[in-house]
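Undergrad: The structure follows.
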Amino acid sequence: MSLTALPSSTVSAPGLVPGLAPRIPPYFLNTDHRQRCLAQLRSKSTGLEKYIYLSGLKERDPNLFYEVLLGNMLEIIPILYTPTVGDACSSYSHIWRRPEGLYVSIENKGHIKQILQTWPGGLASRIAVVTDGSRILGLGDLGANGLPISIGKLDLYIAGAGIKPTSTVPICLDLGTNTQKFLEDPLYIGVRRKRPGTTEMDAFMEEFMQAMRDVFPMLLVQFEDFSTDNAFRYLDLFRNQYRCFNDDIQGTGAVILSGFINAARLSSAASGKPLSEHRILFFGAGSAGIGVAKQLLSFFSLLGLSEEEAKSSIYTVDSKGLITADRKGLQEHKKFFARTDYQGPPLTNLTDIIGFVKPTALLGLSTIRGAFTEDVVKLMSSLNTRPIIFPLSNPVSLCEVDYSDAIKWTNGSVIFASGSPYKAMEFEGKVYEPGQGNNMYIFPGIGMGAILSKARHVTDAMVEQAAIALSSSLSQEEQSSELVYPRLARIRDISAQIALAVIRAAQKDDVDENTLFRNLGDNALLDYIKAKQWQPCATHNSNASNAPRL
Ligand SMILES: NC(=O)C1=CN([C@@H]2O[C@H](COP(=O)(O)OP(=O)(O)OC[C@H]3O[C@@H](n4cnc5c(N)ncnc54)[C@H](OP(=O)(O)O)[C@@H]3O)[C@@H](O)[C@H]2O)C=CC1
Ligand SMILES: CC(=O)C(=O)O
Ligand SMILES: [Mg+2]
């Protein structure tokens, strides 16, 4: 029985009257149950066991789950989200215990609306994270195993922005998988077929998006972890038609623009070189790499540079090397940044590419573990007083360079942010703190702003203003510690500031269906946003005098 199921008079009693609720131990309420949950969580030996424990806790008592999460974000977010959510997805068919999201299958084509109508949240639903499981983190096509990524992102909406749990909808589109081992796994929970071709998938997605609007008229859709071609395709097709955005392209773009603004200031302060002289090398040119590269054009345009000048400061690399315009069969999304200023044999080795580009910043979105080798990092260090190195691939097992190596190989001069979390470390008597360049800092605030303003669309300006708000949100102490992102413990406050910036941008772009906020000043609007943030109701005895604090 959960405590929330007890009569409230019982819950508020200092101890239980024997016989009133005989299945609850009489002095249970004299103890702090949250501390008991934390101890149980910490007793599990693997990340996956912790994930399963937390999922069970959420089912038994959602209020308690969110209370424990909000009080221990640094410890728990890496379990519900990257890196452990990657393990949960990879083995989801085997660890599955209960329904916890919505599956819409290719076999439901023609009846998608009826499937969506089964969701209990109904008209109160405000935000859906939708994946088709085709590129979960950097782990590839996990098919129907992808649902935990939607669940994890929504937990961050709830914890990070204060979105009400009952207004969230985790969705996995079960369209098949091209990963043979899942098709052969007797426990695989998805449809046993290969993924559809473009025509079949387009027809499915058109019906799905229309049905989503019919069933959940106020809902914002976050596309998550679609393979790169489909990520760009459905964002382009749907962004002006529906309330939607793509987290891997736009959310990642915004969060890295934000961290880059702060990193470039630190780097330029050390080198004395102007901000406009930064040159950025992208290792990886998929949805995330190109999404971030496009968003970083704003870094230069905010400094007054033209689009051509900005573009000339950005270089992209894929599995075939430096991307040049003369390459045959170049995919559409790679054309914009393809270089026309390199003649010669293809440049395929990263150190050769760095030698040619002389970048001030190296950003990894490649899924290649260890790609930033000692040679690569030392070369960056020899070219820059303070090199900016962001290995952004997730989960941590696919990160381009570990934090400890980056610190060691640059003698501590690196300005570092990774996609998955690393711990602070000591090197030659000094403590260094890494940044986490992950879209989790941005999407909760974008979502909150879009939901409150009832934005018809998520515009480019809303995304850019979210990035600028995040980059300006560092406290004095965080700035003096030379951080590029604020500390995660402040994410609720920061999400509120991002939501404010998003609402103002929605107003300027005239996409705010809720125009009531137009007459509110910034302080009043910020107060309103904070008041709207959902809090778990504290039913658990936090003041229990005999409860040991862990
Ligand atoms: N930190 C964050 O917030 C986020 C991080 N990510 C991470 O970014 C990563 C990439 O995601 P996404 O862009 O969607 O994935 P893709 O698979 O579409 O992109 C990977 C890119 O890396 C390139 N690549 C692969 N192998 C090599 C190699 N040996 N040398 C150089 N380039 C190589 C690929 O080249 P080619 O095109 O030739 O195949 C492709 O351009 C994932 O790990 C994901 O978790 C994503 C979103 C947010
Ligand atoms: C963080 C994220 O969205 C990704 O790695 O795909
Ligand atoms: Mg993603």
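Heads up, the Cβ atoms here are built off N, Cα and C, so glycines get one too.
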Undergrad: Considering the divalent metal cation binding residues Glu224, Asp225 given in TrEMBL, which of Asp185, Asp202, Asp248 is annotated for that site as well?
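TA: TrEMBL names Asp248 for this divalent metal cation site.
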Undergrad: Given the recorded positions Tyr81, Arg135, Asp225, Asn394, Asn438, state which is nearest to Lys153 (active site, proton acceptor) when distance is taken between Cα atoms.
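TA: That would be Tyr81, nearest by Cα distance.
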Undergrad: Which recorded positions from the set Tyr81, Arg135, Lys153 have a C-beta atom lying less than 6 Å away from ligand 1?
TA: Arg135
Undergrad: Taking DSSP three-state, what's Asn438 ((S)-malate binding site) in: helix, strand or coil?
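TA: For Asn438 ((S)-malate binding site) - judged by DSSP and reduced to three states - the answer is coil.
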Undergrad: Quick check for you: of the recorded positions Tyr81, Asn394, Asn438, which have their Cα within 10 Å of the Cα of Glu224 (divalent metal cation binding site)?
TA: none
Undergrad: Tell me, if you would, which residue among Arg135, Lys153 (recorded positions) has the fewest other CB atoms within 10 Å in the structure shown?
TA: Arg135
Undergrad: Can you go through the recorded positions Tyr81, Arg135, Lys153 and pick out those with a C-beta less than 6 angstroms from ligand 2?
TA: none
Undergrad: For the recorded divalent metal cation site, whose residues are Glu224, Asp225, Asp248, find every other residue on that chain with a C-beta no more than 8 angstroms from the centre of their C-beta atoms, and list them by sequence position.
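TA: Surrounding the site, in chain order, are Thr131, Arg135, Ile136, Ile149, Phe223, Phe226, Ala231, Asn246, Asp247, Ser287.
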Undergrad: Give me the long-range Cβ neighbours of Tyr81 (active site, proton donor): same chain, 6+ apart, Cβ under 8 Å, in sequence order.
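TA: Same-chain residues close to Tyr81 (active site, proton donor) (Cβ under 8 Å, separated by 6 or more) are Gly152, Lys153, Asp155, Leu156, Met440.
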